[in-house]
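Engineer: Take a look at this one; I'll ask things after.
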Amino acid sequence: MYSVKQRVILNSFSKLNGYSKLFFNSNITSVETYIAKMSDNRERTFIMLKPDAVQRGIVGEIIHRFEKKGFKLVAMKFMMASEDLLKQHYADLSTRPFFPSLIRYMQMGPVVPMVWEGLNAVKTGRVMLGETNPAESKPGTIRGDLCILTGRNIIHGSDSVETAKNEIGLWFKPEELVDYQSSQYPWVYEN
């Protein structure tokens, strides 16, 4: 495997026995190609479970959906969000009439902010969430399966790569993002 920090291929490939073919009998012909392909799969998105998801006891089910999809969890907290933090997070909605009630709702209980990593994590994450209005969400999506009302739609997800970077920076310090190679990587991504 490639160590980003050391910029070398580690000997763990040889320890994979027959599974080393997953990497070496592929179209990867150089370390540079491997790094480029791996970078494609390292897009990060910000996902936050709202107080209603916590209170309803569906945190594990939602996390399981992201893991099952093949995304890698790189950061997670369980916390009470401050009013200031929420106002920064939802600043783009500050002129909307529902803004005060949104801030109150988000302070009704703990939230679970997370960072997930993978190929097209932002776009795919949004598809997994479903529409903002659960009534318009398709079955199989998180909101389509697990909630009914827009005002209690259990989850937030970044809507663009740029927004994801800003939201991740707002909720997490750089040292709180854990960089590691998941053992499921060769089983999720072809090389």
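Using N, Cα and C of the backbone, Cβ positions are placed for all residues, glycine too.
So TrEMBL lists the following for this protein:
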DOMAIN    42-179  domain 'Nucleoside diphosphate kinase-like'
BINDING   K50, F98, R126, T132, R143, N153  ATP binding site
ACT_SITE  H156  active site, pros-phosphohistidine intermediate
Engineer: Distance check, please: Cα of R126 (ATP binding site) against Cα of H156 (active site, pros-phosphohistidine intermediate), rounded to an integer number of angstrom.
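Structural biologist: Just about 9 Å between their Cα atoms.
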Engineer: Which residue counts does DSSP yield for the domain 'Nucleoside diphosphate kinase-like' (42-179) in the helix, strand and coil classes, in that order?
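Structural biologist: Its residues divide into 68 helix, 22 strand, 48 coil.
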Engineer: For the binding-site residues K50, R126, R143, work out the Cβ neighbour count at 10 Å and name the residue with the minimum.
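Structural biologist: Fewest other Cβ atoms within 10 Å, among the binding-site residues K50, R126, R143, is found for R126.
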Engineer: Max CA to CA distance in Å over the ATP-binding set K50, F98, R126, T132, R143, N153?
Structural biologist: 22
Engineer: Applying a 10 Å Cβ distance cut-off over all chains shown, what neighbour count does T132 (ATP binding site) have?
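Structural biologist: T132 (ATP binding site): 11 neighbouring Cβ atoms within 10 Å.
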Engineer: Sorry to bug you, but what's the C-alpha spacing from H156 (active site, pros-phosphohistidine intermediate) to K50 (ATP binding site), rounded to the closest Å?
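Structural biologist: About 7 Å separate the Cα atoms of these two residues.
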Engineer: Tell me which residues of the chain lie with their Cβ under 8 angstroms from that of H156 (active site, pros-phosphohistidine intermediate), as long as they are six or more apart in sequence?
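Structural biologist: Those within reach of H156 (active site, pros-phosphohistidine intermediate), by Cβ under 8 Å and sequence separation of 6 or more, are F46, I47, M48, K50.
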